[in-house]
Amino acid sequence: MRKIIHVDMDCFFAAVEMRDNPALRDIPIAIGGSRERRGVISTANYPARKFGVRSAMPTGMALKLCPHLTLLPGRFDAYKEASNHIREIFSRYTSRIEPLSLDEAYLDVTDSVHCHGSATLIAQEIRQTIFSELQLTASAGVAPVKFLAKIASDMNKPNGQFVITPAEVPAFLQTLPLAKIPGVGKVSAAKLEAMGLRTCGDVQKCDLVMLLKRFGKFGRILWERSQGIDERDVNSERLRKSVGVERTMAEDIHHWSECEAIIERLYPELERRLAKVKPDLLIARQGVKLKFDDFQQTTQEHVWPRLNKADLIATARKTWDERRGGRGVRLVGLHVTLLDPQMERQLVLGL
């Protein structure tokens, strides 16, 4: 049986700011773009969350909920430095680390000899070490599979941990709301509840064939998770799959010429970011994203071997003409999908 730990830093960006400026510790703060530029909140500390401020919330809405919110632009070099230090702490216990973002990761400690092989004690020691060396708190979940470890890490936040032993899995799943399973959003949860399916215990009584017919691939995943099945390994070789850049406008745009001008300004930044990870600029696909004034969004991609501005502009124009439907546009984004390493190797061998 595997021993998986999911470590999740507590309001990470905000925690770094409060550590470096203790005057911020007891007041509501958030990291995000300004209201004037129609930004969104990256994260908020717990005093701000008491007012309902949440990640991905428009800054304007956050300021309505909490007028005295202190808004910070973010210091991503500081967050990256702290993240690298945290990852180095992880590596003292195992080489099998799968970072999910700057502030969370999976660790497989099945074969670790630290703490007499106890995943519970390893998680506790990691959290204590992070606090000792960085003055930041972390929460952790321990379980035999990845999705349960992730759920567990949220059970005793902040600065806590929760353990689900193999023997406890069946009872834990019986009453676990389906909405807690990573990947089950509000819409899916509502559809499932309309079918009388609210917990994993409910799904355990369902016929797999019925779930496959109703939900396709998602139906199988739902059935497996409800049985406690998650065969995904902790992938220490997880690679970045895409690079993107986007801009939210202060005012909605309604004319193609405005959109084209924004693309002209975004393209050099996309090129710069891509060059950091792929100096030859070879890619699998490139595409554009438009978000409209009703917050609906659309993405259009085009297979293309190398970053190409003219093709991006042509793709954006086609998307603008066919999908806008007279709506104002509040966000324009450009992105590329990177080549799969195996595919890239095959292409090189083919030459």
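Any Cβ shown, glycine's included, is placed from N, Cα and C.
These features come from Swiss-Prot:
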type	residues	note
DOMAIN	4-185	domain 'UmuC'
BINDING	Asp8, Asp103	Mg(2+) binding site
SITE	Phe13	site 'Substrate discrimination'
ACT_SITE	Glu104	active site
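Shown on the structure are the features that Swiss-Prot records.
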residue : record                          : DSSP class
Asp8    : Mg(2+) binding site             : strand
Phe13   : site 'Substrate discrimination' : helix
Asp103  : Mg(2+) binding site             : coil
Calculate the per-residue pLDDT averaged over the domain 'UmuC' (4-185) and state the result as an integer.
94
Hey, how far is Phe13 (site 'Substrate discrimination') from Glu104 (active site), Cα to Cα, in Å?
12
List the same-chain residues at least 6 positions away in sequence whose Cβ sits under 8 Å from the Cβ of Asp8 (Mg(2+) binding site), in sequence order, or say none.
Asp103, Glu104, Ala138, Ser139, Ala140, Gly141, Lys150, Ser153, Asp154, Lys157
